[in-house]
Every structure is written in C-alpha cells, then in structure tokens.
C-alpha cells in the first residue's frame, strides 16, 4: 500500500540536506558550471521521483508538480538558513562560494526561513487537499502572492546590488522559479471560485449600506490610505528625496533602507509602484459594491505583504546586517510597529472579505438558500 502523496513528497523533500552534504564533500562537483548543471539535473531527477509517486493516479493536476518540486527547494532554503545562523554546518559552503554568494545575507536568510517553513507547510497542505478533492485555490493564491513578491525583490536585488558583479552560473537556476509562480497564479485565477449562495434581497440590503454604516470597512479604508502614504514616503526615501523628513527617517529610523545589498531599496520601490496602486484599488472595492475580484486579490496581496514584511523586519534586525544599518534601539518600537501593521493590514482585509463576502457578490435569483453553492 502506497503512503499518502503528501507523505511521499515530504520524504522526497527531506533528501535535499543529504544531497547538499554530499556535494559539499566532493570537490570535483563544486565548479560553477558543474553546480548549475548538477542543480538542474537534481531537479529533473526529483521531478521523475514525484511522477512515480502519482503513477497510480488517473489524472494529476499539473500544479501538483509545481508544489511538490518547490517543496524540495524549500528544504534547500531551510538548510541554508539554519547553516547561516550556526545551527548546522557542512551543507552550504560550496554553494555560497561558487553558486549564490548573496544567500549569506540577512535578507536571504529570512527569505530561506519563510520558504523552508511557511511555503513548505502550505505545499503539504495544498497537496493533501488536492488529492482529497478539496478546494485549495485560496491557499494557492496565498502562495502565489508570496512567491512572486519574493522573486521580484530577490532577483533584481542581486543583479543591481553589491553582488551584481559576482553573479555565478548557479544564479540562473532562479529563472524557472521566477517564471513558474506567474504561470501558476494565472492558472489559479482562471479557475472558478466557490461562494455561498445568498438571496438577492440580502445582497441588496448589504450593498445599500454606505461606508459610514460599515465601521470595519471604514477603518480598513483609513488604514489602507495610511499604508499608501507610508509606501509613497518610503519610496521617496530610497529614491534619495532631499527633504529633511526623508533624510531624518533613513538615518534615524530605518537605516536598513540604505544597506548596499539593495534588497530593502528594491522592496520599497515594489511597494511604491505595485503595492500602493493595489491598495488604492482595494479602497475603491471597499466602497463600491459587487467588486468580486476583491476576494481573490486580497488573498494574493496578503501573501505578498506577509512574505515581504517578514524578510524586511527580520533582516533589519539580523546579526548579518551590519550594526549601522539596523533599526536604532531608541526607535525600535515605532519602526517595528509600523512594519508589523503593514504586514497585518492585508491579512485583516483578506479575512474581512472572506468571512462576509456578501458586499462583494453579484446579485443572484431569489429563492436560493445559503446552503447551496454556486460557481462565480
């Protein structure tokens, strides 16, 4: 009798530390081009193993291979994080020297923890639900937002930062990990969403309420406006705005924004040009009834902001960040509080949209009960 698929994926993923340890002790495999070729070969072999684990299944969702393959790389990330923080040794030395030296930075360590813990749990949960016929669309969107946010900061940060002059062939293994989440997100967004059926009268009554009569939505709207202003301000800060306020902030509150690794600067620009417009659309959606797209995009955005803020907050405190770039002790509470709120707001918004989605639904014929389900 075969074990459950998620158990098989777990077993395959746990091979990653052993593979890293073996390569780390065979000098002949540690040349830059060899690392790239060996890395892609290992990923191909893992894909073959995963194919064998589901060979008895008549139909397999193609996203399974994405989630299962990424599970293996999650264990690589967790191994890196644990080694950089001194919990283990003898696994990643060769890769940091000849593959991706930037993985020793504070940002990359926090990114690796997120991959190895949060993404890994998400993948196993999604695969468990997938093979039991349960919906995993929302969890998939949460991962897609997190993964895309990760890659659009990680890859440009390496290329234009202080490690840009030391890019090795191994870095290019990130290309498929950059492209695949976009494809997976497009697949998930195109799939139908399950929603409870609510009578037209109830939908109409809810959607007639103005923003002032929906205190939770009003509070979320005000918080979104505040987050937008904060994102614009920090965007100006990293663009070297000459205003005294910007100068004071970057030197006395968040000096991490000028860290030469450039990851925080790229992140602030992503917030300015991508997160801020999204928050503006969410503000519109909270005051305009029937915006059903809110139900998907708030989940996607929550995943993106949670990952980004975890890396940003963690790296600004991490011992691998030079002391001069860490948050000053006397400004710790206001800076960390603002950053935690920026991570919590999208999660609260997504929770509000999904616990009571009536305001965002399209009217349906009367006579249907909320026990029925419809595809929207």
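Each position is counted from 1, following the chain as shown.
Backbone N, Cα and C define each Cβ position, glycine as well.
Among the features that TrEMBL reports, domain 'EXPERA' is placed at 60-185, 216-350. The transmembrane segment feature in TrEMBL is assigned to 7-26, 32-50, 62-82, 102-127, 139-159, 171-190, 211-233, 266-286, 293-312, 332-351.
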Within-chain partners of the transmembrane segment (7-26) [C-beta distance under 8 Å, separation at least 6 from its ends]: 35, 38, 42, 46, 49-50, 53, 67-68, 71-76, 79, 90-95, 120, 123-124, 127
Residues of the parent chain within Cβ reach of the transmembrane segment (332-351), under 8 Å, 6 or more residues beyond its termini: 220, 223-224, 227, 230, 253-254, 282, 298-299, 301-302, 304-306, 308-310, 312-313, 316
Segment confidence, the domain 'EXPERA' (216-350), expressed as mean pLDDT: 96
